[in-house]
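Engineer: Features from Swiss-Prot:
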BINDING   His75, His174  heme b b562 binding site
BINDING   His89, His188  heme b b566 binding site
BINDING   His193  ubiquinone binding site
TRANSMEM  25-45  transmembrane segment
TRANSMEM  69-90  transmembrane segment
TRANSMEM  105-125  transmembrane segment
TRANSMEM  170-190  transmembrane segment
TRANSMEM  218-238  transmembrane segment
TRANSMEM  280-300  transmembrane segment
TRANSMEM  312-332  transmembrane segment
TRANSMEM  339-358  transmembrane segment
Amino acid sequence: MPHQQMLILFGLLPVATNISTWWNFGSMLLTCSALQVMTGFFLSMHYTANINLAFSSIIHITRDVPHGWMMQNLHAIGASMFFICIYMHIARGLYYGSYLNKETWLSGTTLLIMLMATAFFGYVLPWGQMSFWAATVITNLLTAVPYLGTTMTTWLWGGFAINDPTLTRFFALHFILPFGIISMSSVHIMLLHEDGSANPLGTNSDIDKIPFHPYHTYKDLLVISMMIITVLLTVSFFPDIMNDPENFSKANPLVTPQHIKPEWYFLFAYGILRSIPNKLGGALALVMSIMILLTMPFTHTSTLRSMTFRPLMQFMFWTLVATFTVITWTATKPVEPPFTTISQVASIIYFMFFMSNPILGWMENKITKHN
């Protein structure tokens with residue numbers, strides 16, 4: 001291990017020659033992480049975690065603080081970019097069999113859960129209408145836990161309803177969790193370099209490797225530059241493209257928005273939750289929609305690592321991508337036919353991808369077996 005650390009330090013880490021642009025998302029995520037920590041740090045200097053002042057402090061940041069509007073928009077758009085990159089990163093891992101590197105995959109799934117928790121706490125902080133009601137709906141799911149549910153919810157809220165203590169602790173959690181993400185990212189990278197990256201062919205890369213620097217550093221810099229330009233263009237010309245109009249109104253516990261929904265990057269999980277007409281069942285499906293990723297290394301039965309030469313699994317993968325998009329779309333719609341039916345069918349297909357993984361692997365082995 002010390003030898004590998006020295007190689008990383010001098011940029012001489014041996015990396016497969018044939019890894020494609022799909023392997024660039026790791027460095028893009030690192031850039032997003034740095035951007036979020038920096039902008040978040042400056043925003044926290046001017047933010048006030050109090051239900052009477054939080055909304056006003058956001059207005060103060062955007063209007064009165066020098067470049068505050070840029071910091072606030074960079075932080076909001078940066079979060080969306082973070083999730084775009086992480087979903088692409090996970091899709092790459094699923095397609096090219098990166099999940100067979102078990103420890104790396106399990107640490108990565110833990111990172112995803114931590115990131116989703118951080119983003120959820122952050123969405124509550126502006127104390128707008130959608131912030132308040134999204135927090136109410138999601139935290140209320142804890143009450144579905146038998147016996148302990150109500151006690152856990154009261155403990156999380158710091159009272160009998162979402163109030164000042166809730167906002168204060170959500171701000172504290174939103175501030176501390178990114179440091180956990182950074183620590184876990186270091187573990188993720190160290191575990192990755194134990195065995196090295198996979199490659200598009202799913203073969204052993206040991207026979208054909210090149211130094212990480214300068215080849216992959218320049219390749220990374222190109223996509224990082226493209227990502228930063230995209231973020232800056234969005235911040236400059238479409239800063240509110242991801243915002244919900246409801247969130248421009250201060251939180252009012254007496255007025256319920258017509259359609260409560262979280263940020264776009266949670267819509268697929270929220271859509272799965274809504275598709276089940278039972279509180280506990282929906283909450284379990286919500287948790288399982290993320291946790292099912294943990295099963296992938298243990299259900300792989302194919303002799304081939306990558307999906308490059310697995311047509312049946314390729315079909316299921318692209319069905320999963322389409323399903324993910326459909327669930328995200330239906331979650332933005334009212335809870336009424338045909339949207340409920342569409343999201344129920346799409347949710348079943350979503351879980352079918354993971355359940356069919358061992359069966360399709362076994363079938364492909366039978367088809368490709370040479371006598």
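Quick reminder: no glycine exception, Cβ is built from N, Cα and C everywhere.
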Engineer: Looking at the binding-site residues His89, His188, His193, which has the shortest Cα distance to His75 (heme b b562 binding site)?
Structural biologist: His89
Engineer: Does the transmembrane segment (69-90) come near the transmembrane segment (218-238), with 3+ Cβ pairs under 8 Å (pairs 6 or more apart)?
Structural biologist: yes
Engineer: Which whole-number value in Å describes the distance between the Cα atoms of His174 (heme b b562 binding site) and His188 (heme b b566 binding site)?
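Structural biologist: Just about 21 Å between their Cα atoms.
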Engineer: For His75, His174, His188, His193, listed as binding-site residues, tell me which one has the smallest number of other Cβ atoms within 10 Å.
Structural biologist: His193
Engineer: Non-local Cβ contacts of His89 (heme b b566 binding site) (under 8 Å, 6 or more apart, same chain)?
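Structural biologist: Within the chain, His89 (heme b b566 binding site) has Cβ neighbours under 8 Å at Phe25, Gly26, Leu29, Gly108.
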Engineer: Relative to the transmembrane segment (339-358), which of 25-45, 105-125, 170-190, 218-238, 280-300 accounts for the most Cβ pairs at distances under 8 Å?
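Structural biologist: Going through each listed stretch, the top one turns out to be 280-300.
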Engineer: Any chance you could find the range in 25-45, 105-125, 170-190, 280-300 with the most Cβ pairs under 8 Å to the transmembrane segment (218-238)?
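Structural biologist: It is 25-45 that shares the most Cβ pairs under 8 Å with the transmembrane segment (218-238).
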Engineer: Quickly jot the same-chain residues contacting the transmembrane segment (25-45) by Cβ under 8 Å, restricted to those at least six beyond its ends, or write none.
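Structural biologist: Contacts of the transmembrane segment (25-45) (Cβ under 8 Å, skipping residues fewer than 6 from its ends): 61, 68, 71-72, 74-75, 78-79, 81-82, 85-86, 88-89, 92, 175, 178, 181-182, 185, 189, 220, 223-224, 227-228, 231.
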Engineer: State the non-local partners of the transmembrane segment (105-125) in its own chain: residues 6+ outside its ends, Cβ under 8 Å from one of its Cβ atoms.
Structural biologist: 47, 49, 54, 79, 82-83, 86, 89-90, 93, 98-99, 131-132, 134-135, 138, 166-167, 170-171, 173-174, 177-178, 180-181, 184-185, 187-188, 191, 262-263, 265-266, 290-291, 293-294, 296-297
